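Trainee: Mind looking over this structure? Questions follow.
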Amino acid sequence: MNVIDHVRDMAAAGLHSNVRIMSSLLLTMSNNNPELFSPSQKYQLLVYHADAIFHDKEYRNAACKYNMALQQKKVLSKTSKVRPSTGGTASSIQSQVCKAPNSSLPSEIEVKYKIAECYTILKLDKDAIAVLDGIPSRQRTPKINMMLANLYRKAGQERSAVTSYKEVLRQCPLALDAIIGLLSLSVKGAEVASMTMDVIQSIPNLDWLSAWIKAYAFIHAGDNHRAINTICSLEKKSLLRDNVDLLVSLADVYFRAGDTKNSILKFEQAQMLDPYLIKGMDVYGYLMAREGHLEDVEVLGGRLFNISDQHAEPWVISGFYSKRYSRALYLGAKAIQLNSNSVQALLLKGAALRNMGRVQEAIIHFREAMRLAPCRLDCYEGLIDCYLASNGIREAMGMANNIYKTLGANAQTLTILATVCLEDPVTQEKAKTLLDKALAQRPDYTKAVVKKAELLSREQKYEEGIALLRNALANQSDCVLHRMLGDFLVAVNDYQEAMDQYSIALSLDPNDQKSLEGMQKMEKEESPADATVELDGDDMEGSGEDGDLEGSDSEAAQWADQEQWFGMQ
């Protein structure tokens, strides 16, 4: 047994730090005396050394060493036999360290995969693609094709991505992530299912797979209603009951469909089954924050950090309860660094940039989120908000119309289009018609109720607005709806119930600034003498409520208005 065998055995045993030290010493010896080791042995040492560096997460250094190993492999291929020794010490060591047979050498294909892995981690996707493209198609293993497919898709090379995903399925027909990849690239569900038919028919208890493929085909086609029905039917089957992945997918589809209540319910069910669950928790945290449960969101973020700080989700969740836009911007950037495909991280960073007035930068992030999740309406809403913030009504209208035509006339798309129409006096009536259609489909859709109430407030139709909000609150309790009802009640001089509604709103979200302002305004009106004194004092100082706000942390005050942050305009 020679020294190279010892290094190989240590590498196989996972003694990476030991391998790194020993291989470094042996490589130095080889550099000082080229006759000491054969080309094949030096190739082995370089690969083992690079593997140890890779394990230490020094990816740039590892890529360099792997490339050195490939250069050495070229030398090896040109050398038919070991150069004869010249005697002396080198000769004695050479006799101990005989040439290893080629069958025991580390795979050149595996080395190239490792280089591509390093480049991917370093965000050098083009370099990773170049390395993997250099491997002949017939020599590509399933994991190489899978990495290539993901890189192609990220680079927008959809046809190449489809080819690579199909090659993965040809070799491994139960590679479900490859199936999802194909469906996300608009490959028909029937075509994908046909690639798994043989294995479904030959293996017992896989009859559910066809329905599983159908469910994800509906998801990626934006057909949320049929996706929900299909996943529910799968989840009810005894063999797949309480599957965490299915529950998370179902929760996500409920979220996309705008059904917050059922989405939260399914996320909570999944959490109970798997306390270490990370996937999807960023969406769950977003929903909880939007509902005003910031303390629960903070607890969730802390728990996820204890599980792993190498995932985007805990960083995103921390951004939801941060009180400063600049802090949320940092947290979103950190999450994107960990996972550039995190849609929720892109939305968090985009929203922070928008609220900081950096609209053009925000637009870039919302567009990237749209590219990654073309069926998620919140990505489009963020972009439309940016257009409206920069007076780009024409661009916002174009985007809203495109969503309406692409995803169909459902409550969400109708409300998005109505939101833009409300910004132009010429299209006010159209907005009213669209909102009526949305509420006819889903009377409980909060965003449609809020926009319809805003329209009724402009038209001073307070009684009609009160009826709308009472009807919406009959089956749900929402901070924004309670506060808006309080505003309408103030308009008709029903101060006592208005105070009750503001109190309920604040109990749901203690940080709701507008409810607090409404309550404070009513308290002043109930004490006219005190209000007069305060007004006189303010006049003497040349200040007022605006002056008080300017003297405070204005960014924190903006952040406390949760509906601005969580898309409830």
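Positions of Cβ are set from backbone N, Cα and C atoms, glycine also.
Below are the features I grabbed from TrEMBL:
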type: REPEAT; residues: 244-277; note: repeat 'TPR'
type: REPEAT; residues: 343-376; note: repeat 'TPR'
type: REPEAT; residues: 479-512; note: repeat 'TPR'
type: COMPBIAS; residues: 518-527; note: compositional bias 'Basic and acidic residues'
type: REGION; residues: 518-569; note: region 'Disordered'
type: COMPBIAS; residues: 533-553; note: compositional bias 'Acidic residues'
Trainee: So what's the mean pLDDT when you look at the repeat 'TPR' (343-376)?
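Mentor: Reported value for the repeat 'TPR' (343-376) is a mean pLDDT of 93.
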Trainee: What are the DSSP helix/strand/coil residue counts across the repeat 'TPR' (343-376)?
Mentor: 27 helix, 0 strand, 7 coil
Trainee: Would you list the DSSP helix, strand and coil counts for the residues of the repeat 'TPR' (244-277)?
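Mentor: DSSP classes over the repeat 'TPR' (244-277) add up to 27 helix, 0 strand, 7 coil.
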Trainee: Would you mind splitting the compositional bias 'Basic and acidic residues' (518-527) into helix, strand and coil residue counts from DSSP?
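Mentor: DSSP composition of the compositional bias 'Basic and acidic residues' (518-527): 9 helix, 0 strand, 1 coil.
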